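The N-acetylthreonine annotation in Swiss-Prot covers 2. Residues or ranges marked as repeat 'HEAT 5' by Swiss-Prot: 310-346. Summarising the annotation, Swiss-Prot assigns repeat 'HEAT 9' to 490-527. The annotation repeat 'HEAT 10' is assigned in Swiss-Prot to 528-564. Under the heading repeat 'HEAT 11', Swiss-Prot lists 570-601. If you look up Swiss-Prot, you'll see 700, 727, 770, 773, 798, 888, 918 marked as phosphoserine, on the strength of a large-scale study or a structure entry. Sequence annotations record features per position, and here Swiss-Prot assigns phosphothreonine to 767 based on a large-scale study or a structure entry. The compositional bias 'Low complexity' annotation in Swiss-Prot covers 767-779. Swiss-Prot lists 783-793, 897-915 with the feature compositional bias 'Basic residues'. Annotation source Swiss-Prot lists coiled coil at 858-878.
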């Protein structure tokens, strides 16, 4: 028989807990369970549901140990994405525990959950105030736990309520509490800057603390605050400088150097005082971190001027030593400082060319990527080829790292290949083009070599995904053709090789636009233009619409220069090429791109006229091909013009492009006149034709067949038309059916077979008449150099000068541009790790104001607003009264005045005094009413 007073299962658990017997799953059991159920997502999800159900039951338990265990497990589960905001009140209960271990768990959970719920922080404020008071009940560790937890859940309202308690803790006798309070104040200042303004002296006094850890915490907090707003800390420069001179703690010295870096950016006067001390510190210390921060302070703090070579050499010599270090991190950050010094003045780093070239072959690709940014500062005529050769080898050769393993006696080596990422290859191509073309190719003394480099880059860029490199390579070919006249034959030979390469057409089509433009613009250099035309038209399937736009005019230019190099035996070839071009442009005239379609139709009509004239003219070339066609393109030779020149041209401010020349009525009237003139001309032509028939044809004397056989030359109108046809080359004469049919037919079979043969050789017109055919498949440009003989420098044309116009309007030709390079707005789907702060734009103009004074000023502002509202009400009443007086006697106006709520006597007295001291209210209200 069971007793009524037998203990239950819960009572037994409670009795066994003091002896170490726990029946709930601990955090360790939870982790083991997750690992054991991690086979499939379904099993893991089922396990999580079971654990969450158990935690919900445990967290509602009256036993604080069980509640703490559940909160700890929920804190761990939050990392898997399970929200724990529903148990915030239970977390608050655990935080209020007097046991140290339970309080730690509570503050840990609060740091992960309370920031989502601002209401729970109102309940936690009193608990935080209680835990922050150091007395006999609270030991040092509990206060430290509260300070650490406070910094993670701080909000503006909580910071305002807790700031005074934290400043009180700065006077604690325990250095540990003072240090923790200073670090907690950092988050308070970010959310509530008024606390720093009102208690600035109390906070700064900790820089003179007896304990070095407290001073270190104060310097660190000031350093971090100066990143947000350095202005209020400039007045501390003498005190901070004194600490820098006297202290021997390297950590504090580093923090002070970082702090002076931020301050000197807004206060240039600090340079004269700080620079000698920092240079002295660099010479006296052996600590690598201090030396690096000293150089960083000089560079980032704007202390290094463009003409200060002595300071620059002192910094660069130290960085040179770091670059020889075995530590890759030290080499990397040294390259960063090298680059920043080079941006100030490139002459500073010009003497370190050998070091930078060596860094270009570093085993760490990230160091290579930083070293390649330094190349532009060291390049000259002497080392350009060495730099380009070093970079080009990295495209082809596979670098390896030899890793030594094993003991000294039996030493083994392992070869690890260095994988070059694609972004580094893209960077190399851009740098090679940039350093070679800089300052109008001033560093290039061998343009045959540079032609070969550009050709190799075009071949290497086929496997790179960034196809914009092809456009840059094409621009280099174009610049060489325009700016280096003596190398045009070599350059155009390389261009012909490129467009004849099917791999280039398929994998790097972006290089074709500029290359095809060069072939058209400088087609006088090509002797057999008919073969070049066949090459260009055969690859039409690879050309994009932008390339087709350039191709149309390029083909016409090549044809014009080739056919005008006229020989008697070329007449048939000219006719065949002309037919091929007409057929080619007929296909392009149906393009989906309007620009291609328009250009094709324009050229097609002209070539059809030229073909008609060529068939009619049996002696030589017709005037359309010999004079008219070359005049389209040979008026003048193009000169090099710098990019952006168009924006410098003068813009007429009086130019109106909006107002039409004719009004709508005038335009309609003009159109009506044109229609009437056209109708009258048509009627006159019809009447004249009837008169001619009556005059020259007699039905009684002539039969129908004889009428048809009348000689046209007896008709005076036909004679006039024939004269006009002979004198006007643009006259569209009638064609018989056979001629029209032949002009629209394709080429004969034999001609097609001959045209399908790909030309093997493109011959160039050389000035010395010593022409050697260039085989596209086998021949290469010879680059023989005589030893011991310096090659004469070729002439490079400079850009044409442009007279700069007066300052234009800001909105004139202003292109839309993106600001994402400077300001990258955070996407909504990304985690924002940036700490929210109100310190950046806070005004620290009034230092030392107490919080009471701030509240008083706030009350005065409220009273001032109430006075303004009262005056506005009086003004409205007077306006209504004036309107009522102006109304007639028959009209009735009812004004309902609401009863005003009772105000403080202080506000009433203030209103009376203000009314006494102010000018007459009637005049003020009268002025206000007139404004209204």
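Just so you know, glycine gets a Cβ as well, placed from its N, Cα and C.
Under DSSP, the residues of the repeat 'HEAT 9' (490-527) split into helix, strand and coil as follows: 32 helix, 1 strand, 5 coil. Residues in the repeat 'HEAT 10' (528-564) partition by DSSP class (helix H, G, I; strand E, B; coil) as 32 helix, 0 strand, 5 coil. Residues 530, 533-534, 537, 540, 545, 548-549, 552-553, 555-556, 559, 562-563, 607-608, 610-611, 614-615, 621, 625, 746-747, 751, 755 of the same chain lie 6+ residues outside the repeat 'HEAT 11' (570-601) yet bring a C-beta within less than 8 angstroms of a C-beta in it. For the repeat 'HEAT 11' (570-601), the DSSP counts in helix, strand and coil order read 27 helix, 0 strand, 5 coil. The DSSP secondary structure for residue 798 (phosphoserine) is coil. Helix, strand and coil content of the repeat 'HEAT 5' (310-346), in residues and according to DSSP, is 32 helix, 0 strand, 5 coil.
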